[in-house]
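In what follows, a single structure is set out as structure tokens and then discussed.
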Amino acid sequence: MSWITPDLIEILLSILKAVVILLVVVTCGAFMSFGERRLLGLFQNRYGPNRVGWGGSLQLVADMIKMFFKEDWIPKFSDRVIFTLAPMIAFTSLLLAFAIVPVSPTWVVADLNIGILFFLMMAGLAVYAVLFAGWSSNNKYSLLGAMRASAQTLSYEVFLGLSLMGVVAQAGSFNMTDIVNNQADIWNVIPQFFGFVTFAIAGVAVCHRHPFDQPEAEQELADGYHIEYSGMKFGLFFVGEYIGIVTISALMVTLFFGGWHGPFLPPFIWFALKTAFFMMMFILIRASLPRPRYDQVMSFGWKVCLPLTLINLLVTAAVILWQAQ
């Protein structure tokens, strides 16, 4: 079989790795919806979903059946094409953002030299999905939620990008694998602590998670920009939000907590344990913090996060120049 060449085998293995990693991410995002409800029940001293399967373990299957068989309704007054396109963009952009995350020294979907810029580009693309969903629904609550989401996301993406520049300056590269290798001796969270704090805050805001979930506030906007969605279209938004949490958690691990580095255990296990810890922190934040007003969220971003990121960047640049002399 002369057509089986080493190059073809390498391509097939790369495709297999990509499929496995992306399937694991989607599965983790789906299971996180169940885990969140169980943990919220624990934090609030009540029962979570515990009726379907052992300990409620089949609740996810019940949710999937419900989602698959719900009517996929498109309002007559909506723009059908854009209304259908919005959840696809939201799901795909958040899933592709994980492609540049190195899970282990040998497992990464796309080892790009501009990995961080690719992540920021995908995060910016998700804003279009929210705007499309809000505008095409032709609903005042959807439009208000989309306007809130776009303003909030675009604002906090500024801090998200600036908080990473200190890490880039220290590693001397935008490549995620190079950044992880640069943390073999000391994790970036120590010299870049303020960068990590602002990245974590901006990451929660970009995911529209509590306490930055004003675009989806049920009490104010009746669930915001996806109020008109049902069935699998709503499912794409729903699972996409949890995929965003998985991606941000994985990026925290990769950029600030040494990625796969750790003693005794295999690299993939260390990466999974660290990522699971930050995913649990997202749930703990939701369970413990109140929701501020929208103007307070925006004011906090521009008056606290922006100065903090700029100070961190200036100090990092000064230290690098001092060490170079």
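From the backbone N, Cα and C atoms, a Cβ is placed for every residue, glycine too.
Taken from Swiss-Prot as is:
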type	residues	note
TRANSMEM	11-31	transmembrane segment
TRANSMEM	50-69	transmembrane segment
TRANSMEM	81-101	transmembrane segment
TRANSMEM	114-134	transmembrane segment
TRANSMEM	154-174	transmembrane segment
TRANSMEM	186-206	transmembrane segment
TRANSMEM	237-257	transmembrane segment
TRANSMEM	265-285	transmembrane segment
TRANSMEM	304-324	transmembrane segment
Residues from the same chain, set at least six apart from the ends of the transmembrane segment (265-285), whose C-beta lies under 8 A from its own: 28, 32, 35-36, 39-40, 43, 103-105, 107, 204, 207, 209-211, 245-246, 248-250, 252-253, 257-259
Per Cβ pairs under 8 Å, the stretch of 11-31, 114-134, 154-174, 304-324 packing most closely against the transmembrane segment (50-69): 11-31
Tertiary contacts of the transmembrane segment (304-324), as residues 6+ beyond its ends and Cβ separation under 8 Å: 156, 158-159, 162-163, 165-166, 169-170, 191-192, 194-195, 197-198, 201-202
Recorded stretch, among 11-31, 81-101, 154-174, 237-257, maximising Cβ pairs under 8 Å relative to the transmembrane segment (186-206): 154-174
Positions on the same chain near the transmembrane segment (237-257), where near means CB under 8 A and six or more residues out: 25-26, 28-30, 32-33, 67, 87, 90-91, 94-95, 97-98, 101-102, 119, 126, 133, 164, 167, 176, 179-180, 183, 187-189, 192, 195-196, 199-200, 203-204, 206-209, 226, 229, 271, 274-276, 278-279, 281-282
Other parts of the chain folded back onto the transmembrane segment (11-31), taken as Cβ under 8 Å at six or more residues beyond its ends: 60, 64, 95, 98-99, 103, 107-110, 239-240, 242-243, 245-247, 279
